[in-house]
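Structure first, then comments.
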Amino acid sequence: MKDIEIAQKSEMLPITEVAQKVGLTADEIEQYGKYKAKISLPLSAREQTKRKLVLVTAINPTPAGEGKSTVTVGLGDAFSLLNKKVMIALREPSLGPVMGMKGGATGGGYSQVVPMEDINLHFTGDMHALTTANNTLAALIDNHIYQGNKLNIDQRRVIWKRVLDINDRALRHVVIGLGGATQGIPREDGFDITVASELMAILCLSKDISDLKKRIGQIVIGYNFDKEPVTVDQLGVTGAITLLLKDACKPNLVQTLAHTPAIVHGGPFANIAHGCNSVLATQTALNLADYTITEAGFGADLGAEKFLDIKTPVLGKTPDTIVIVATARALKMNGGVAKDNLDEENVAAVEQGFANLKKHIQSMKRYNVPVVVAINKFTQDTDAELAKIVELCEQDDTKAIVADVWAKGGEGATELAKAVIESCDNDQEFTRLYNSDDSVEEKINKIVTEIYGGDGVEFSAKAKRQLRQFEKLGWNHLPVCMAKTQYSLSDNAKVLGAPKGFKIHVREFVPKLGAQFLVALTGNILTMPGLPKVPAADGMDVDENGKISGLY
């Protein structure tokens, strides 16, 4: 059966019963129908949990993804089978990849969060609220310029873009304000995808609504004619933008097919944003369950690095164990096998591609966090390929366990769960990659050399000018969010495996003072993706009874 068919045949518990599993009362949730709810914050004081945190990441993926969410869900269900008090914390899917390349993003097979159709489509409206808030701010900026421009905003240097929660390459570069004197001030503009919006990052890094409001006020929307930054606070609309997000900042509660409680909240991409679910979601799970299993987008070079260097300082908690998801097909691709031949057995290519997994293991251990490798089993994998991965990991002094979570759900990950539980009891002191007082160049160089395995960084003339400006403005202390291809450790998507001797090319920076990081745009990475030649939307339908098919 397809994933959507499995989900549609499942019997969900009322969300009130799911909430009770982690001690949430009816007064502490706001129901969105029978099977979804928002968690009301702040929660009342309760007994201290073990507060163990497991971060699930992956190797550099194939275009279809390696099942990181599927493993996260299956692992959570396995913890439940072992009678552990557990919660899963995932990101919300964006309609971009749902309609584009990957289809849905709620796990797969018998390791899914449900109701999957709702979560993948409009869910509780968080994405729409973010899109509206972002575009309201854009409209207020252009209105301010049109109505006299008291702040002397240079319309050539407005950096706040409009957003849309779908891949649409035609909107990357637009000209607005055309049509005459009453239609606004003409200027160049563009659209990003909603999940790349600074408001998404702010939502995911805020500790409470007061912090959300403070961060929104700090957003730099552009520069005046004296080249000084202009903020939302100066524009005077901080309260208006915050109130549009007052419900979106509350974590969403759902369940897995096996009824394990799951929080699905916030959805920044890891290649063009920081790739982690909200601090509020993770903190809520830590307060309610002994074990919180969360994930960070794409490979360990992107989502995990940003989780460790950007999210954990705000969260105030570092992972007790990192699980790296690997697949035979991704190793074969990193070993040089063409995409059309990945289903064929090729143990030699698995061994060749292991260099990619080995680099990610090394990078995560650099933070002094225990690492367990989860080999996500696909139906076409052979015993020889899976055995080779286990063997190579053991030679690298890393525990690796095959997880069959797509076919078996939590039962396919009980051995993995036992290994992770044991690993969580190791009390190791976390080691940070860089310090806040390192220069921006030093921070990026450490990411490139220690996490990517590169030789260094090259900055464009524009990036160098921006670095000088950031130093004058006192922004050097901020962490760096690298915007880079997910398919390679380098900034060239075609260079697979574990390349050496390369440099990362930073073409420009985007300061995100509300999110409190600087985005470094590398290579040809885009903040508004395009749809593929045959988008996933082509196979989707809904019948006369409202039953959805083809979602994935």
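Positions of Cβ are set from backbone N, Cα and C atoms, glycine also.
Annotated features in Swiss-Prot:
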BINDING   THR62, PRO63, ALA64, GLY65, GLU66, GLY67, LYS68, SER69  ATP binding site
Run through the Cβ atoms and count how many others sit within 10 Å of the one on GLY67 (ATP binding site).
26
PRO63, GLY65: which of these binding-site residues has the highest Cβ count within 10 Å of its own Cβ?
GLY65
Could you tally the C-beta atoms, other than its own, that fall within 10 angstroms of the C-beta of GLU66 (ATP binding site)?
24
By the DSSP assignment reduced to helix, strand and coil, which category contains PRO63 (ATP binding site)?
coil
Radius 10 Å, atoms counted are CB only; among the binding-site residues THR62, SER69, which position scores highest?
SER69
Using a 10 Å radius around its CB, how many other CB atoms surround ALA64 (ATP binding site)?
13
